[in-house]
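The feature domain 'EamA' is assigned by TrEMBL to 20-151, 164-291. Residues or ranges marked as transmembrane segment by TrEMBL: 21-39, 51-69, 81-104, 136-154, 160-179, 191-211, 217-236, 248-268, 274-294.
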Amino acid sequence: MPKKVTNLEHPYERLQSIKLGLFYGVISAFSFAAMSVFVKKIGALLPTSQLIFFRFSISLIILLPWIVTDKTFSLKIQQPVQYGGRILAGLSALFCVFYGIKFIPLVDALLLNNTAPLFVPLIAWLMIGAKTPKKAILGIVIGFIGVGLILSPGQEILCLASTIALASGFLTALAIVQMRVISKSSSTKQMLFYYFIVSTFVSGLVAAIQWKSPGTVEIWVFLLAVGVFGTLYQIFATLSYVTAPVRLMSPLVFLIVVFGGFFDWLIWSYVPNLFTLLGALLVIIGTVITVYFGHKEIDLMRNNQR
């Protein structure tokens, strides 16, 4: 795994680390958007719980050998309650964004999901007393004005799905703050192991009750793609935050929205209206301001695992 960048590195080495981190960030964003495309393609055919089960179970199969073969890996954890909170928040966030993807344009669902950086300072203040700089508060306000434009009233199902997609952003932020707490006494591999294994088990129980046979080879392939691209996102997102400064990497999450918008246009011929475009611009501007001036709160993004 690449060495974490530090201020003591030679300027050339630092630049190379940043370039590599940006590359990893682009790959991770593309992977999450690609996973979302396959979720939308088969979302109307299968229960959300079934999609989530394949997302986690395939990731677990791929990553488990890497995790358990580490001689320093230990099953013992010190904060089981916080682990449970992080897993519940992360699993619920994924359920919400998958649900949103089913019913609203892909780009809208991904944009609302990526409002997490706007929620992080608020949750960090409530949970661990982290203070938010005034300039970061300005970014939060700008971002939520944009959210209001995106959530413009429409059909009831669209409003519900949009609200649920926005909830995924809040829940992701909650998971991030919980990660801050448990990362002080746990390794990344421990957190990944418990997140994947518990999420696979829980989603598997629900999926077993709601199970629908995929039926065709194409649907099975799409389910496999959900898991594979979800795993690629996990790997490259982690690499990007380890390789380059978190403040440079965090805004790259909006490449997910860019890729999602491209896929929306290419596959479903969707073009956002003026309110959505303006709202998206405000959310992105607000998030960049929040990330840049957020200091300690936004450093929590380093351990974000969806």
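Including glycine, each Cβ sits where the backbone N, Cα and C put it.
The stretch from 51-69, 136-154, 160-179, 248-268, 274-294 that makes the most Cβ contacts under 8 Å with the transmembrane segment (21-39) is 248-268. Counting only same-chain residues 6+ beyond the ends of the transmembrane segment (136-154), those with a CB under 8 A from a CB of the stretch are 108, 111-112, 115, 118, 121-122, 162-163, 166, 275-276, 278-295, 297-298.
Non-local neighbours of the transmembrane segment (51-69) in the same chain are 35, 39, 42-43, 91, 94-95, 98, 189, 192-193, 196-197, 199-200, 203-204, 206-207, 223-224, 226-228, 230-231, 234-235; each lies 6+ residues outside the stretch with a CB under 8 Å from one of its CB atoms. For the domain 'EamA' (20-151), the model's pLDDT averages out at 89.
Counting residue by residue with DSSP, the domain 'EamA' (20-151) contains 106 helix, 0 strand, 26 coil. The recorded stretches the transmembrane segment (191-211) and the transmembrane segment (274-294) do not share 3+ CB pairs below 8 A when only pairs 6 or more apart in sequence are counted, and are therefore not in contact.
Residues 24-25, 27-28, 31-32, 34-35, 38-39, 41-42, 45-46, 51, 54-59, 62-63, 192, 305-306 of the same chain lie 6 or more positions beyond the ends of the transmembrane segment (217-236) yet place their CB under 8 Å from a CB of it.
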